[in-house]
Amino acid sequence: MTQTLPVGLSATSVVAASSANLGPGFDSLGIALSLYDEIVVETVESGLTVHVEGEGAGQVPLDQTHLVVRAINKGLQAAGFSAPGLVVRCRNDIPHSRGLGSSAAAVVGGLAAVNGLVTQAGSEPMDDARLIQLSSEFEGHPDNAAAAVLGGAVVSWTEQAGAFGGEPRYSAVPVRLHPDIRLFPAVPQQRSSTAETRVLLPEQVSHVDARFNLSRAALLVVALSERPDLLMAATEDVLHQPQRAAAMPASAEYLAILRRCGIAAVLSGAGPSVLGLSAQSGLPAEALEYGTAHGFTVTEMSVGAGVRWTAGAVVRN
C-alpha cells in the first residue's frame, strides 16, 4: 500500500559530475569529478513547482517531465510513497549536453533526495546498490550513474534480464584511484547528446578491435589504481572515439594534441568534452594555450565524492 508523505518535509542532495568510458571502457568505466549539482525538495499540499538556477535555467522543462522530478517520482514509487505536492529547487553547476554526466546527476540526485524524505516518514533509505539500479534504468547503462552514486572511479556492468523479462541488473564496484592522478576536463561551448552520437557507432565490431579494447580496458584499471605511467597506452580506444570524431572535430583535434603532449586524453562520455588524465601537476603550456584559443574551458579538478543526502534544506554556500 502506498503511503502519502506529510506536508512540510524537506530534503537536500548534492551529486557530482562524471566522465564515462575513459577511452576503452565503453559503457563500463567512469569517474566522478568535483563539480556538483544541488537539489532541494519540499513536500507541499498540492501541485508541482520547479526552480532551476545555473546550468539549464530557461532551457529545461519545469513540469513533470523534468528529469529530477521523474527521478523523485520513481524513487517515491519504489519506496512505497507518494507526495501530495512538491517544490523542487535545482542549483546546477554541471554543464548540460557536454558529456559530463548531467543527466545521471539529475537522476541520482533526485533519487537520493527521496531518501531524505522517506527517512523522516520512518522508512529505510535506499542503499547504493538500489540507487545504482534505479538510476541506471533511466540511463540504460551504469557508468555515469555508478560514478555519481559511489564517487571516485568505478567499474560497472550489466546483467541482461532473464527469460521472463524485467529490467537488466546494473552493478558497480569502486576502483582505488592512485593519488598522483590529476583530472583535466576541457569543456567546449558546443553541445552534443549521447543519442545523437550513438547512431554513429556500428552494430558489430571485429574480433581484432574487440581484443584491442579488452586489453586496454583491463590495463586501465591497473593504470588508474597502481601504474599511472601506463595511462597513455591504457586509454587507447578503437570502438567509439574514432567513429565520433567527425561529429566533433574540434574535440577530436584537441584530444590528439593533448596526447601528443603526453596527456592521456579521452572523450568524456559521448563528448564533446575531453578529459585529460595525468600524473603531472599541470598541463603543458602548448596544450593549455591551444584549448583556450579554441573555445575550451580547461580546469584541473579532483575526483568527485559520492552522492550525499540529508533530511532538511541544507543549502551549500
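First residue shown is number 1, and so on along the chain.
Note that Cβ sites are derived from N, Cα and C of the backbone, with glycine treated the same way.
Features reported for this protein in Swiss-Prot:
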- PRO95, HIS96, SER97, ARG98, GLY99, LEU100, GLY101, SER102, SER103, ALA104, ALA105: ATP binding site (BINDING)
Any same-chain residues 6+ apart from ALA105 (ATP binding site) with CB under 8 Å of its CB? Would you list them in sequence order, or say none? VAL15, ALA16, ALA17, SER18, ASP37, ILE94, ASN144, ALA148
Identify all same-chain residues not among PRO95, HIS96, SER97, ARG98, GLY99, LEU100, GLY101, SER102, SER103, ALA104, ALA105 whose C-beta atom falls within 8 angstroms of the centroid of the ATP site's C-beta atoms; report them in sequence order. ALA17, ILE94, GLY269
Cβ contacts of GLY99 (ATP binding site) (under 8 Å, same chain, 6 or more positions away): SER19, ALA20, SER192, LEU267, SER268, GLY269, ALA270, GLY271, PRO272, SER273
Out of PRO95, GLY101, the listed binding-site residues, fewest other Cβ atoms within 10 Å surround the Cβ of PRO95
For SER103 (ATP binding site), just count the other CB atoms lying within 10 A of its CB, please. 22
Within 10 angstroms of the C-beta of SER97 (ATP binding site), what count of other C-beta atoms is obtained when all protein chains are considered? 20
